[in-house]
Amino acid sequence: MMKFQVHRTRWLLAALLTAGLMPSAGAGEPAAPTPDALREQAMAMVAQQQDAQALPLFEERVQRQPGQPQALIDLGVALARLGRLTEARQRFDEALRTSSPHALAHDNLVQLQLNMARHAYAAALQSGETPPSADTGLQWSPAPTPAPAPAPAVLPPVASVPASAAPAWIAAPKADASAWLRPLLASLALLALGATAWALNRRPPVETPVDPPAATTSPPVTQAVPEHERAVPEERLIQVYRLIGQGHLARALEAAESLVRDQPRFTLAQLVYGDLLLAHSGVLRGFGRGTTQVPGGQERQIAPLQLEARQRLGAWQQPPPPGTVPRELLLLPTSVRQVVVVDGLRSRLFVLEHRAGQLVPTASLYAAIGRLGVGKQDEGDLRTPLGVYDITGKLDSRQVGDFYGAGALPLSYPNEHDRRLRRTGANIWLHGTRAERHADAPFSSNGCIVLSNPDMERLLRDLVPRRTPVVIAEHLEWVSPKVLAERRSAAIALVESWRMARMQPDPERLLALYDRAFDNGVQGLAEWRRQLAKDAAEHGAKERQLTDLMVLDAQRGGDALFITFREVLRGSVHGPLRRQYWARERGQWKIFSEGVLE
């Protein structure tokens, strides 16, 4: 009986201890927090910007849950926030490799992206050398091993749980319930690794990005480029930069891939595509830096593409302010439907049109200029001229050959102002690119202005020869039209003085407005004097009006003016279209060239 009581007492004590109704040895010590509690405490510290204090909790959680990807991912993020990037990368990699198939998929993905990047860089550099095959270094998955035969199902006793209260899935063991989590977490780890690669390679925002392919100052983007804009390659490239700037690396890669598929000769797009592939692989070290993996990929070959990226991004980030016009456009009549202005230093060509009483830009196009910049003086100096020019004709691709791409619009260089300044050379054109390239480097021509073929086709279609002035400036300054009021009034006063003198019977007052070195390419001052005397004898003091007045600044500094107008005698409805070049020397404005256009 006593033995039975002892056993019964021991059984009762064990039951009470198991039920927690009786303190056990060491009950005064606090229980260790669970892994979930560690994470909760650590995340609360992170929310309070106490990352350093939270790190030991994340580390303890990893020790308590060895081989669990969740704990490794959180530790990797914590290390990255503290700037310990190498350790963070190692933790992410360790989390990924908790699943062998996903680790192999990741390794193959990284290798494939490296191979694809080499192909993109080769296309960007147009080196002519073939990079390794795209499947180089990829590994097959191991042969599957036969799975053990499943054990026969064992039904629980009928009396354990009522059938109506126990669906089949509720009795599944926890290991089966978490089986779908492991590949999901491995996939999330892969995404985290890609995001870390982006974080490692981003640089602080600057006004004009130099190294990173991303524009870091960009407006919000909520959707991809609409379908109707897909034909404009530069807009699609800018969309890639927008997505990069917002950290949407996967969407940026998808957009870049679509762009280079449609425009394989767009070398800058190929370079950005290669960079994005490397960023996804976690090995990008700067804009175009992966090109060293391509035979012939030298720094000097990357510099023009870096400059092209800066020029295109600069045009996107700093467009002309609304309601402004280039300073050179003092007065443009509505009879002149369009005007072309070129900003040499920014590699940009604008088309402006009259709309609702205002001049507004209707096209902003990337354009390459002379290898040595602007300011042409001598034939063969590899510079683009500065000044105001006419489009003298229109040449399609059949007339000019492959070097000029879609066609050409010849300019009137050298004009009277150029000849006065003893500038030499000829054959300055707006033209397209060779078939093997989408666009040329910013400073690469012999002096012409070179556009992509789609942009050149647009100009050939829209611009009217001898009706569309072209202004080439070193740098365009966009100002409110009100700022130009004083200079505009002064120019109008010059033309009005000519009109008043023109109505005098004595031509001497009129001749006083002409420079002694007058030369219009056909007549010198003596011949022009006889022409004016003849006009005065025929028309005398007859009243006349000047219509369709256009005044353009032909030289930086405002010392030369390009003026056209139609001279209509009283009683007439039409008159000759005249062009005058005025120059200011020693404080006096004089006409150094004049002619009748029609």
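From the backbone N, Cα and C atoms, a Cβ is placed for every residue, glycine too.
Model, not experiment: these values are computed from the prediction.
The following features are taken from TrEMBL:
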- HIS431: active site, proton donor/acceptor (ACT_SITE)
- CYS448: active site, nucleophile (ACT_SITE)
- 338-473: domain 'L,D-TPase catalytic' (DOMAIN)
- 125-151: region 'Disordered' (REGION)
- 204-228: region 'Disordered' (REGION)
- 69-102: repeat 'TPR' (REPEAT)
- 1-27: signal peptide (SIGNAL)
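Here the domain 'L,D-TPase catalytic' (338-473) returns a mean pLDDT of 96 for the predicted model. The separation of the residue listed as 'active site, proton donor/acceptor' from CYS448 (active site, nucleophile), Cα to Cα, is 7 Å. Counting residues per DSSP class in helix, strand and coil order gives 28 helix, 0 strand, 6 coil for the repeat 'TPR' (69-102).
Annotation for HIS431 (active site, proton donor/acceptor): same-chain Cβ neighbours under 8 Å, separated by at least 6 residues, are VAL400, TYR404, GLY405, ALA406, GLY407, ALA408, LEU409, CYS448, ILE449, VAL450, LEU451, MET456. Residue counts for the domain 'L,D-TPase catalytic' (338-473) under DSSP, split into helix (H, G, I), strand (E, B) and coil, are 22 helix, 53 strand, 61 coil.
For the residue listed as 'active site, nucleophile', other Cβ atoms within 10 Å of its Cβ number 22.
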